[in-house]
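Asks: Below: one structure in structure tokens.
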Amino acid sequence: FILGETCSALLLFISIMTMFMSGVVAIFEYDLKKIIALSTLSQLGMMMFSISLGLYELALFHLLTHALFKALLFLCAGILIHGAGNTQDIRSFGGLSLNFPLVTVCMNLANLSLCGVPFLAGFYSKDLIVELACQYSWGIFVLLMMFICLSLTVLYSVRLTYLSFVGPYGGGTSISVCESDYSLVGPVVILSFTSLVSGPILSWLNFPAPVLIFLPVFLKWGALFFVGVSLLVMLSLQGLTYSYKWGAVSKFSGLMWFLPWLTGQGFSMKTLKNA
């Protein structure tokens, strides 16, 4: 029993730090595919967080819903990269909603589902994990870190939407002919539909009995409060990301907190030099 509690606590710490690290790194990242990959890492941390609390069925439920809207997000990103002259730098996008209206709607739908907006696919799994996690007595630190990680998801998702579709034109080339190719937009439309209806359908299949959760008011409003704060932080970071004092933080985040070098690159560089 003690060993199980220790493994659960260790998994809880690793999953929380994984969500936090991937969220912070995604804020300072400009590669479109890397941002989406980091969001996948964050959601994997959410699944491990659910497993550490003993919520195995919820982890599987979040895995299924996340697979649908994340596949939609990657397909939309591929269309944008193909239509923007094979560039992945979101700073060269800007105003793509005019050239890619359908992809803009579908990608924003996937982003909103990723953020856990009510009645989309991601809401049914993420909200249930968060509310059940609030009932565990792990302490205020775990709850605070969980809400911060949720707000980081909103922050980098809104930042991606702003720089890609709403912000000023970045100077890159873009062609809108991609949306006339049904082999590209067909799967996107189908996955957009699944991002709308898969949440309640999978919820009814996995949990036939309704669940009633009672929480204090401040915990109910906690997620909304942190989401609002993250939006304000995103607006302030837009003008600070290029400044000098954020350069070291941006470089540190761009190197993934030196984890690739510590885990594999440092060893592989030495072995390849000796080869």
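These residue numbers are counts, starting from 1, taken along the chain as shown.
Cβ atoms here come from the backbone N, Cα and C positions, even for glycine.
What TrEMBL says about a protein is an automatic prediction, not a curated fact.
The annotation domain 'NADH:quinone oxidoreductase/Mrp antiporter transmembrane' is assigned in TrEMBL to 5-147. Per TrEMBL, transmembrane segment is recorded for 7-28, 34-56, 63-82, 102-124, 136-158, 184-205, 217-237. Residues annotated as domain 'NADH dehydrogenase subunit 5 C-terminal' in TrEMBL: 156-273.
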Asks: Between 0 and 100, where does the mean pLDDT of the domain 'NADH dehydrogenase subunit 5 C-terminal' (156-273) sit?
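Replies: PLDDT averaged over the stretch: 73.
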Asks: Restricting to the same chain and to residues at least six past its boundaries, which positions have a Cβ under 8 Å from a Cβ of the transmembrane segment (184-205)?
Replies: 61, 64-65, 68-69, 71-72, 75-76, 79, 82, 102-103, 105-106, 109-110, 113, 119-125, 178
Asks: Count the residues of the domain 'NADH:quinone oxidoreductase/Mrp antiporter transmembrane' (5-147) that DSSP assigns to helix (H, G, I), to strand (E, B) and to coil, and report the three numbers in that order.
Replies: 111 helix, 2 strand, 30 coil
